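> Got a structure here, written out as C-alpha cells. Questions coming.
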C-alpha cells in the first residue's frame, strides 16, 4: 500500500505511552530502511499522555508492504504503551525482475524513431552498484543511456550527429547516492528539444544540452535492463541491471504490461520474470564508534582461520575484526586505517608484521574483504583482487572467539583493544571458517553477543546529499557528520558561508589599509563572489575604481547607423557585482571623453540619435553628462556654454574643427557604461575620438546606515527572514537601557531572536524544531555605556555562534540528527517584538543579514517612535578614528581608543615606528599557552564540541638595506612556526611550518630585492589553507598551504633577532641570527600591536626588548610614498585623456614638460633636506635613552599599560566550548 500518515496513542487507562519513535519500512519483512522526513530527521515525536492522539502526515508517501514502529523513549512513570493507526491507499504495480543477463527490447514500428519530446518514468531497486537501466542509440551517433554507476544514477545523452559534431552535444548528469540499498527509487526523465528535467526520488536537475540538434533519433529499439550486445558505440557501462523495475513507461507506453501480455513490440532477452526475487543477504549496522561490537564463537581451536565479509562506511578509521591466537598471546587484527586495509599480526610486545592494501575504502561503497591464515602464511584480498600475503614465524592456533567491529569495554574483553575507534558502518555476508553467520540467531541471543548494533538494516546515509557546503565548497563526510573544504572559494566557516573579504573599500580603510588593489565582496555571504578593485584612499573620500577592457582612446571614422562602430566594455567585475557595488556606494561617476569633427551625436533635422551608449541593463541612453538622466543633451547644455546655443551638444554644430563633448555620467542606476555606438563618421573629413573611463564610486552608505529607537513600543518591520539553512546577522548598537530586543522573527513553532538581556549580556536564541537553543555572551564591562558595540550571530546546519566585540566567541555544534530548517512565517522585527514588549531603546546601525544590509534609515522615516540616523560624534561616516581605532563618545566630544590599533595619536593615524640596530629584537610572550579557551554553558538540544579557526591577519611596513633579515616570526608550544624573512637576495619569503613531520610551506610573493632602502608595506591574511598576500600596491596574490592546521598554543611573537630554536629550518635560523637592521612600522598581528606594546609596556613580563631600539619617523615616509602612489595612479587614469588633448593641442606637451622639470627639481631639494633632518634626528636619538615612552595620559592607551595580560590581543583567536 501507499502509506501517507501515521497516528499513535498510549495504552488506555494507564501511564504507558511512547514519547518518540522511529519508523522502518520494508517490501519483504527483511532489509528494513528508516523513514526520514524532508529535513532528514528520522525521529517522530510521540505522545505526552495515554489518551491523546498524535497524528503525523508523511512529507513524502512510502509504498511498502511492511511497516515497523521502533519506540525510542517512553513515559517516565510507566512503560511502553502504544496504539497506532496507519493511513494510506492501495497501490498496484507492474514489476519485472532482471538477473544481470537479461533485458527487454521495445521495438519501433519503423526503422528509426525521431522525437523532440520524450518522457521515461520507472522505479527500481537493486543491491548492485552498477547496471544499465535504459539504452537506445541511432546510426548517426544519437544515444540515451540511463545507468547505475557506483550507486548513483547517470544519464548520458547526445542529440548531435557524431561524425559532423563529435561530442559537441554530449551531456552527462549524475544524481542520487547509495541507490544500491535494495529499496525502491523513482526516476523521471522529461525532455523537450534541448531542455531536460532529470528527477531521482525528490531531487531534480535541469539540463540544457549543447550542440546544434534538438531531436533524438533512435534506431530500431530501446533496451531496458541492459544492452544485449555489449560494445556498441555510445555504451558507457557493460554490466546489465540486476534487480527489479516497476511501472516502466516510455512516452505513455507501459513496457512491462506489454511484456507480460507477450505483445510483439516487446522482445525478451534472457530470463525476465514478473515477480521480484529477494536476496538472502542480511546487513548489520555498527552504530557507535566506541562501544559497538559483534562477538562470535569459533568451533574449538584450529590451526587455520578464514574470515570473509563485506563492509561500507564513511569513516577513515575503524576496527573490522580481531581474533586471538595461540592462547591470547598473539592477535590477528584487521583495521581500516586512513582509508586503507591493514592486517596486523601482533606477537610479543613491540613485535608485529602487517600488510596494507586498497585506498579510499571509506567511499560509502560495498567492499568485500577476505582474510585467510593457513600454515605459515596469512593472506588478505580486497574486492576479488589477487591476495597480498605475509609470512608467519610459527604455526598459529585460533582462540574460541572472533570480534567484529570493536572490542568490549569489560575486563574480560578477550585481550582486544580499540586502537583508534570502533568501526561505524554496515557489514553483510559474514563468513567464518567457510560458515555463513546467521545474524537473526545473533539477534535472538542464540549465537554470540553484541552491543550497539542494528540487525537487518544498513543505516548508512549520504550527508553530502544534498550538499550544504555553500559557494562551491567541497563536501566530505564521516558516519556522523559532514565537513566543508572552503579552500580556494574565498569563503570560510563550517559551511563556507562567510566571505573572508571586506565588502567595500570604505571597510578596508577602517581596517587601516592604504591605497592599493583589494578584493572586495559587496554582497558578503550572498551568492556573488569577490572581485578585485583599486581602492584610492584620499584624505576626504575613499574611491573604488573598477577598470574595463578598453582604456585607450579609440579613433572612429567611416561609420554610419547602418554600419556603426560598436565597442562593448567588459569590466573586472560582473554586472551583478557592479549593481550591488554601485547601490551601496554613496556616489558613482564615469567620464566619457568625446571629441568630434564633422560628427554629430544627434540628427539636426529630426533629433534621431546618431550615437548612444548602453547602461548596465542594456538600455539605450542618449544623454552624455549629468547626474539626472536626460534626453539628447550634453554637458555643455547643462552648463549653458555650448559653442552654438541652437544645439544641446557641441558636436551637433557639425564644424570642421575639433570640438569637445566630454561629460561625467553620475546617475547611479544607469552605471556603468556597457557599450558605446558611434554612427556619424562616414562623411568626408568626419571623425570622432572617444574614451570611456573606469567606474569610480566613493563611500559606503550601509556602514553608517542607522536608526534611533526612542519608544519601547516602537520597531521597524521587514519581510520574513529567509534563513532556512543558514543565516548570519551582524550590527552595531549603542544604548543606555539595561535590556531590549534587537531582532526577532517568529514562525509557527520556530523562531530566532537576538537581544540585550542585561546590562552586560547579549543572548542569541533560536529553535528549528529541536527545542530552544541559547547562546549567551557576558561582558566584563557594561554594554549599555552609550558606546558602539558589535554583535554577530550565525546559525547554519553545522553550528551556531555569537560574537560580541572582541569577547571570546560563543560556539555551538548542531546535533547530527534532528531538524535543520528554520521555518519562519511572520515579519522580521527590528528594535522590538510583535508583542510590542521589551523593545530596544538606542541606536542600531549597519544591520546586515546574509550579505544584505537593511535600509534602516529609509524605513525609519515612515515609522513613529523611530528616527533616521543616530546622534553623537561617533555616528558619523567621516571615520573620525582610523586604523581599527574605536570612537568613544564623551560628554563634550569624542576620543579615539587606539588599543587594538598599531597606530597612535588622537585619531589613530600616527604610525608607531621603531628603528632596529644589529642584535635588536622585540618579543611578545603570550600569557596563556592556549589557543582556545573553554567554558560551560546551558543548552537544551544540541552538542557542544571543539573547533578552531586557522586564521592570521598580519600587517607591517619596513625599510632596510640589509639581507638576509628576520622581520617577524611566531612560534608555538608544539614546535610550529610562521616567519616572514628577507632572503639572501633581498626577496620576501613567508614560511609556514604547521606540521612537524612535513616540510614547511615557503612562498616568495615578490622575487625582487626589497632590501633597497625604500619603504614597503606587507599585508598577509590566512584562512585555513588559503593565504592572501599584498606587497605595496600590488594586487592581492593567493597561495595555498599544504594543510589548514592552526598555529596551536602560540608561545611568542618576535620582531628582529631570534636565537637558535628547535624545529626551525636552516634558512630561517640564518635570517633570525642576522636579525633586522632598519625601520619597522605599524606591526599588527591579529589584534596585537607588538611595537606599541614594547613602547607602552616597557618593563612588562610579557614584552622583552633586547638591544637598542629607537622611535623613528618611517611612518611619515610611508605617508609621503602613499601620496606619491596616489598621484601616479591618478596620472595613469588620466593618461588617456592627455593623449586625447594632444590631438588638438600639441603645445601643451611642452608646457607640461617644463612644469614636470620644475616639480622634479623641487622634489629633489625636499629629499635632500629630509635626509639631512633624518640623520640629525637619528644621531640625537642615539644619545638619549634607548626607548622613550610617549605621554598618552589623556588617551585610552593607559588601559593598555594597566592590563599587562593584554587579553584583548588574543581574543581574535579565542573560542568558548561547552559540554
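For all residues, glycine too, the Cβ spot is worked out from N, Cα and C.
Predicted automatically and left uncurated, TrEMBL annotations should be read as such.
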> According to TrEMBL, which stretch among 1123-1148, 1149-1174 corresponds to the feature transmembrane segment?
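From TrEMBL, the annotated transmembrane segment range turns out to be 1149-1174.
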> Take the Cβ of residue 843 (disulfide bond) and count every other Cβ within 10 Å, whichever protein chain it belongs to.
25
> Report yes or no: does the domain 'Laminin G' (283-458) come within contact of the domain 'Laminin G' (95-276), defined as 3 or more CB pairs under 8 Å with a sequence separation of 6 or more?
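Answer yes, regions in contact.
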> Using a Cβ-Cβ cut-off under 8 angstroms and a sequence gap of six or more, which residues of the chain neighbour residue 870 (disulfide bond)?
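Long-range Cβ contacts: 706, 707, 708, 734, 843, 845.
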> Quick one: average pLDDT across the domain 'Laminin G' (931-1114), no decimals.
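Here the mean pLDDT over the domain 'Laminin G' (931-1114) amounts to 80.
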